[in-house]
Ligand SMILES: [Zn+2]
């Protein structure tokens with residue numbers, strides 16, 4: 001089956017977009033493109049430790065200074081090209097986070113695949129649900145899998161995937177979560193206007209549902225996309 005070359009999950013923190021991207025990766029063979037991980041890979045590439053730009057950016061990264069946007073864009077574009085040359089479809093869940101990032105990414109997508117090969121899932125969730133999920137979860141120290149608190153998981157201390165220790169993140173407190181909402185409305189939500197303007201197809205899914213039910217909606221959409229594009 002032919003799937004979109006690029007799938008992007010957008011939504012509030014706590015919408016479950018990262019989980020859905022992981023599921024699309026596991027079940028449909030997409031590569032989960034995590035910008036943070038890609039950059040880390042680049043800054044620590046043993047073959048590049050004589051490159052002054054890489055060394056400078058690694059130092060910035062280690063001291064918490066933002067990496068320079070031009071360098072980030074160049075690296076991201078190179079990795080997107082590399083993975084797609086290997087025949088991989090890509091799924092995004094952490095970017096684009098702003099109009100500036102979106103303008104850059106969309107240009108790369110357009111030149112490589114055309115907008116008709118990009119599909120956006122908007123995971124719709126209320127602030128209350130999102131707040132509840134963010135403040136009632138723990139994250140695996142090792143593999144970063146999030147575990148949501150409920151009657152079944154309340155005694156869990158170790159990660160069901162890798163056995164790592166589950167910890168509460170310092171970011172997951174109401175004041176900080178609300179600040180992240182404001183950032184989302186200010187920086188990320190305007191990206192939907194750009195998506196509409198350039199004509200990328202957007203599908204809304206109900207983020208209030210449990211992960212498996214959302215995954216079912218996503219599967220249905222991917223399959224009907226595939227049918228539409230192979231006939
Ligand atoms: Zn783990």
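Using N, Cα and C of the backbone, Cβ positions are placed for all residues, glycine too.
Going through 209, 222 against TrEMBL, the one listed in the ATP site together with 14, 15, 16, 17, 18, 19, 137 turns out to be 209. Calculated from their C-alpha atoms, the gap between residue 16 (ATP binding site) and residue 101 (AMP binding site) amounts to 21 Å. In the three-state DSSP assignment, the secondary structure recorded for residue 137 (ATP binding site) is strand. Residue 15 (ATP binding site) falls within neither a helix nor a strand when secondary structure is assigned with DSSP, and so counts as coil.
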